[in-house]
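Per TrEMBL, these features apply:
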- 60-82: transmembrane segment (TRANSMEM)
- 89-108: transmembrane segment (TRANSMEM)
- 176-196: transmembrane segment (TRANSMEM)
- 203-224: transmembrane segment (TRANSMEM)
- 236-257: transmembrane segment (TRANSMEM)
Amino acid sequence: MLLYCVIVVSEDLFLRVTKHYLPHLARLCLISTFLEDGIRMWFQWNEQRDYIEATWNCGYFLATCFVLLNLIGQLGGCVLILSRNFVQYACFGLFGIIALQTVAYSILWDLKFLMRNLALGGGLLLLLAESRSEGKSMFAGVPSMGESSPKQYMQLGGRVLLVLMFMTLLHFDSSFFSILQNMVGTALIILVAIGFKTKLAALTLVLWLLAINVYFNAFWTIPAYKPMHDFLKYDFFQTTSVIGGLLLVVALGPGGVSMDEKKKEW
């Protein structure tokens, strides 16, 4: 009981200290994979174009359009989100980029990468929910929809999609450490998904995912000319984006469709 009280007090203290800049850090982390990929499209223009042309046999022009669309769409979306201008349009554009890359790079048939892309989409869904104006109803003088408002369900969908990232981290072997990690990780992702003790569970997942990301995706330790460097770099920034989505959950809470919200009515 004493340990639980210490944890709750520490959580409240952390949220009070970070409440002014945590949403900004969350947005920066969330768009990091799009920013990195957009820059990579610029520096690896020829390689990306040649890959698309060879894989899909679509011709030089369409392959060039694909690379150009990814470059402008991702960098432009990042600028709009960081400047807080037309955030909803930027989110829809980045949703389109995720869908386009899922098909173009055959991610649709790779369950691990598909789940990570869905988790990335969950982070964007939370960002889209955050960008919606608070307390606005469709018509003047009409009460807001409250719990049934689209924003609440965006937050629910975002939370559920975010936890898919952790499904790819489960290890199915008989070692004590793996079993313990799977049990704790599963408990935490269930808490985030149903919205119970959401901020504490999401913050714990942030710390866990940050440690895993730095340890397993240390691309800076691999020479740039090796293919593994690009693979780990891509994985690192995609994981960082999921961390950004979880930080949004910590900063903004789970939303109306959650057990934490329902507890206030009990």
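One-based numbering along the chain as shown.
Note: Cβ is positioned from N, Cα and C throughout, glycine not excepted.
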For the transmembrane segment (236-257) against the transmembrane segment (176-196), do we get 3 or more Cβ-Cβ pairs below 8 Å once near-sequence pairs (under 6 apart) are dropped?
yes
Can you name the far-off residues of the same chain, 6+ from the ends of the transmembrane segment (89-108), with a Cβ under 8 Å from a Cβ of it?
31, 34, 52, 55-56, 66, 69-70, 73-74, 76-78, 80-81, 114, 117, 120-121, 124-125, 127-128, 131
